[in-house]
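Enquirer: Copied straight from Swiss-Prot:
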- GLY156, GLY157, LYS158, GLY159, GLN160, GLY161, LYS162, SER163: ATP binding site (BINDING)
- 429-454: region 'Disordered' (REGION)
- 1-48: transit peptide (TRANSIT)
Amino acid sequence: MAAAFSSTVGAPASTPTNFLGKKLKKQVTSAVNYHGKSSNINRFKVMAKELDEGKQTDQDRWKGLAYDISDDQQDITRGKGFVDSLFQAPTGDGTHEAVLSSYEYLSQGLRTYDFDNTMGGFYIAPAFMDKLVVHISKNFMTLPNIKVPLILGIWGGKGQGKSFQCELVFAKMGINPIMMSAGELESGNAGEPAKLIRQRYREAADIIKKGKMCCLFINDLDAGAGRMGGTTQYTVNNQMVNATLMNIADNPTNVQLPGMYNKEDNPRVPIIVTGNDFSTLYAPLIRDGRMEKFYWAPTRDDRVGVCKGIFRTDNVPDEDIVKIVDSFPGQSIDFFGALRARVYDDEVRKWVSDTGVENIGKRLVNSREGPPEFEQPKMTIEKLMEYGYMLVKEQENVKRVQLAEQYLSEAALGDANSDAMKTGSFYGQGAQQAGNLPVPEGCTDPVAKNFDPTARSDDGSCLYTF
């Protein structure tokens, strides 16, 4: 008995019509020519009817597409219920708000920039911002027959805000730079710093390749690659750092890692370096074709503008800020930040006395209460001037005493306390600040007849022979 079987070739399609839509019609043909043979098996093919917007019903889930003019970003919940929740963005997060006005969309979904010289309430010097923005922009442009220096060297006095001003400009331009410091320009392994510079450069190039502006930012280049006199040793790594930066400046689109070579060009990455004295660097590195140099010396207006940003939350009047800046003309901008920090010393001292010295560690490091919170101290011009003169006096002590020379020339401590003795701040004052400790009184003048070497506070009983 022959086995019975049926073939599915030429059989009608088993796809349900509901899957293809409710408004689709079926056409039946009487005869189909199939592989040269005539077949009378019924066949159908699916055809979409012409769209008639007037005949659409509420049952059609895509009815709104015919006349939809909304923005997809603002109407993001259109597919709610039809898309797996795994692929739905969380509501209330940026542009995923269900209802957004055009202003909200611009402010949350798009990054917009203003063209003033402030960032987050901080002042950016116009000359500084101009130099940095122009240099970065030029390196991303194709200028006809122009060789643009790859490196911008910003140098000047200590504490003048070079690094901080750079960070403000980067933030204003929407740049997240690849950072390096002078401490990474030396290593126990020969060649490591030069390799690291190339790696960081290529990391920045990869970010640019992905469509986001980036740059390489090296802090205090002269401290890591410069020669500071006879006390510093010039190593192979110093030579290779200078040579690597020179090579990158000459071939910015062909930066290769050691041990490999890739013919594909990498994007050009502008390099920003800061320092205090570029005369310590290798001279061919700082020539004009490779490095564009910018000497940063803030003017009085720049100093006032930066100080307004420092004291912006302290309600210090502008005229008082101007008076403080004019009272300390030879100080760096960093001096005024340290001056503001000194005002909080009184608050911290009061907190320490209330907490107890033995409980400071438990309260600050291992406490459920969290760090202490202070009320903002009132900053008056008198208090700021007082602390300012204290800082200046400490600076003068460092310059005047110079204990290092005495330590190198003498085996013992020597006359390390002679300066304090001459100024009258050695005897008595340190012991009197300790609170209720017993202070032996007596004559503390070595010239007096009844000089008492054990006395720590002068009681006015000194006798002199004339």
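Every residue gets a Cβ built from N, Cα and C, even glycine.
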Enquirer: Taking 8 Å from the centroid of the Cβ atoms of GLY156, GLY157, LYS158, GLY159, GLN160, GLY161, LYS162, SER163 as the cut-off, which other residues in that chain fall inside it around the ATP site?
Expert: ASN276, TRP296, SER332, ILE333, ASP334
Enquirer: When the number of other CB atoms within 10 A of each residue's CB is tallied over all shown chains, which of the binding-site residues LYS158, LYS162 has the maximum?
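Expert: Max Cβ neighbours within 10 Å, all protein chains included: LYS162.
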Enquirer: For GLY159 (ATP binding site), write down the residues of its own chain that are at least 6 apart in sequence and whose Cβ falls under 8 Å from its Cβ; none is a fine answer.
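Expert: In sequence order, SER332, ILE333, ASP334, PHE335 meet the Cβ cut-off.
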Enquirer: In the structure shown, with every protein chain counted, which of the binding-site residues GLY156, GLY157, GLY161 has the densest set of Cβ atoms within 10 angstroms of its Cβ?
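Expert: Most Cβ neighbours within 10 Å: GLY161.
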Enquirer: Of GLN160, SER163, which of the binding-site residues has the most Cβ neighbours inside 10 Å?
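Expert: Checking each of GLN160, SER163, the winner is GLN160.
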Enquirer: Provide the three-state secondary structure of GLN160 (ATP binding site) computed with DSSP.
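Expert: GLN160 (ATP binding site) sits in coil per DSSP, no helix or strand.
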